[in-house]
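First comes the structure, then the notes that go with it.
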């Protein structure tokens, strides 16, 4: 069998010429339709002086899943957006079923059967699920028929096995995972020849990912091509038939199902040999001091009677499926959401009333869920974003402050290997992983006692993850207590001292030592208490 | 995005490269400089139409008018940067001017000055508290406040008795200062000093930077432990106080009062701020830009006056300018 991947970067001119021949060929006969449905030829895109994508060519076959992997900043998202028609390439061409997709408009692309779901949610927050689902064909704008729309949405959701989503609910009220499913549902409910998923699984829970894979398999069985952009190697192993590795905007290698290992792929992405290794949590040496956090009977809107203790230097993992109170727990501990507790002490000091201003004073730090909306002011500079909690009205600000804090800023940027042009660069220009490092970096070297992390490694590349793990462990080694909610079970199992799993807003299980295994965390997350 | 900028490839697409270089060069120009460039162009155009407009005297007279608009817009700039708007500027101006004139007999010029500024600050405090604590829309809150103040002005003050303009007010505004062989109204250096001080406050203090943070991303500011409500309220207070200062300047410069004396500064202040490059959605703006915006509006007013078109046409042109600039920024934001 000829491998279509061999025609990729080495000889970029050929994939389209080869297409008709292969369509007639029986080499992939069991699929019935092996012609490249989607072909990208020599795509190039620059933003200012930065070459985001350089001469990328690839071909996606009907009935197959084509993975696009690379670190953040490697150009995956830009390629995905060009394939979807959302970004106009500087040079190069995208063909769908042999026809050039020239205009660079999402609408035209959609008419050609190219549907997409992006990591940056493209839903209208104030609209209901039903209105959002009907958005692509414009019917919500053309005439108002709420009943018909809701029925239509119900039918679509039921057909896609999403009965738990209420079509009448405004999107902004829903958890991120559900929003992402709605976005995917919107993409797959149309006429799909090509489906582009850009980090579409980043917020999904393991069952959510299973659901997504089931939808993908339905589509490929019908001969559609799927472009799958993800950082999660486990998912790629399971779903991808072929893949392209990007680095610094260019294609560095291709792979096929079963022909690769994690280490190979990571080193290909990083351009160096990198093992996926979790650092071990540091030894608990600070345990004699007062607990970093001691809370008993914490209750709030979605949490009931949660009691936690975190020793100084301890990393406490919070596990569980999304929407079982983890977000509310962290926000309550940060004072961003009202909550009460029988006893509540941070670093030995009793907490009576808490809001984020007091939390900063009490020695707490917080990395919120959504780095773009809650974490960073994207229009502002890297340095000023780092200083966001440390800006006081009566003190200096702006350039004089940056100058005075230069030592600290350089230390944070260097320590976390943030790739940036400097403290004055617009933080919105950084890649996702580097942005996340800024939100985390605020609390480094600032005499914190307790740092709360809401899934900081979601949707960032392998290298950035590794760097964040190291930074979290380094923080703990200094005696800072860490409360870390993660949707990646492996992180919890390997990097945390202890893991508390939440289920329906209460502690379902506390796992430590021998009992701290991935199976136990997942089991407790679905309400099954592991036998000790 | 990889931050290592690859060198531009030589020899390819020279037209595109030249155009690219031009756009890069243009991007480096600080946003606040654009209104000043536009003003310079309008000034030259005025000179072509009427050579006597191309003199220092003409420049100073436009500058005096523009400086008053700029002072009245300085508070508006703060309100817009933190993500709101202050539509109570017009009647805060009137209230302050009349408070100043009424109190000057009892409290002396300085006492009256303080009383008028305090009145403006209280207006801002109420605006800010309602907006921050009750989460009401800034447009609705401040426009209601504007209406309320109009009633207060009509009920409280007896216009027939407020005709004496104290010397203090004219000293800081209409008094002439010799400069380069010409005479400049005192309001120009006074206003320039005020605007530079406010620009320093915005650029170099924690309060100023927090104002931008709150305007650009309120959720981020809140979750980073910034006292968002307090920052908002102080911004509206300062906005009110600055509108009050504008009231004293206006009454000193024009030496007359009326119930509608603040009215031109509703559209005027918003126009100056928007033309000055501030984002109406918050997080962007500067005092220097606002001054440039006011100069553009002042030159437009001069040209309208020279062409004998009347004040109605001037308002119409201001409206068109606002729509044009907002549309322009809207396009750029999407691009």
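Here the Cβ of each residue, glycine as well, is placed from N, Cα and C on the backbone.
Per TrEMBL, the features are:
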TRANSMEM  B:31-53  transmembrane segment
TRANSMEM  B:59-81  transmembrane segment
TRANSMEM  B:93-126  transmembrane segment
TRANSMEM  B:138-157  transmembrane segment
TRANSMEM  B:177-198  transmembrane segment
TRANSMEM  B:233-255  transmembrane segment
TRANSMEM  B:261-281  transmembrane segment
TRANSMEM  B:288-307  transmembrane segment
TRANSMEM  B:313-330  transmembrane segment
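Spatially, the transmembrane segment (B:288-307) is not adjacent to the transmembrane segment (B:233-255); fewer than three Cβ-Cβ distances between them are under 8 Å for residues at least 6 apart in sequence. Note: the stretches the transmembrane segment (B:138-157) and the transmembrane segment (B:177-198) are not in contact (fewer than 3 CB pairs below 8 A, sequence gap of 6 or more). Here the transmembrane segment (B:261-281) does not lie next to the transmembrane segment (B:177-198) in space: the count of CB pairs under 8 Å, restricted to residues six or more apart, is fewer than 3. For the transmembrane segment (B:177-198), the neighbouring stretch richest in Cβ pairs under 8 Å, chosen from B:31-53, B:59-81, B:93-126, B:313-330, is B:59-81. Remark: the transmembrane segment (B:233-255) contacts the transmembrane segment (B:59-81), by the rule of 3 or more CB pairs under 8 A.
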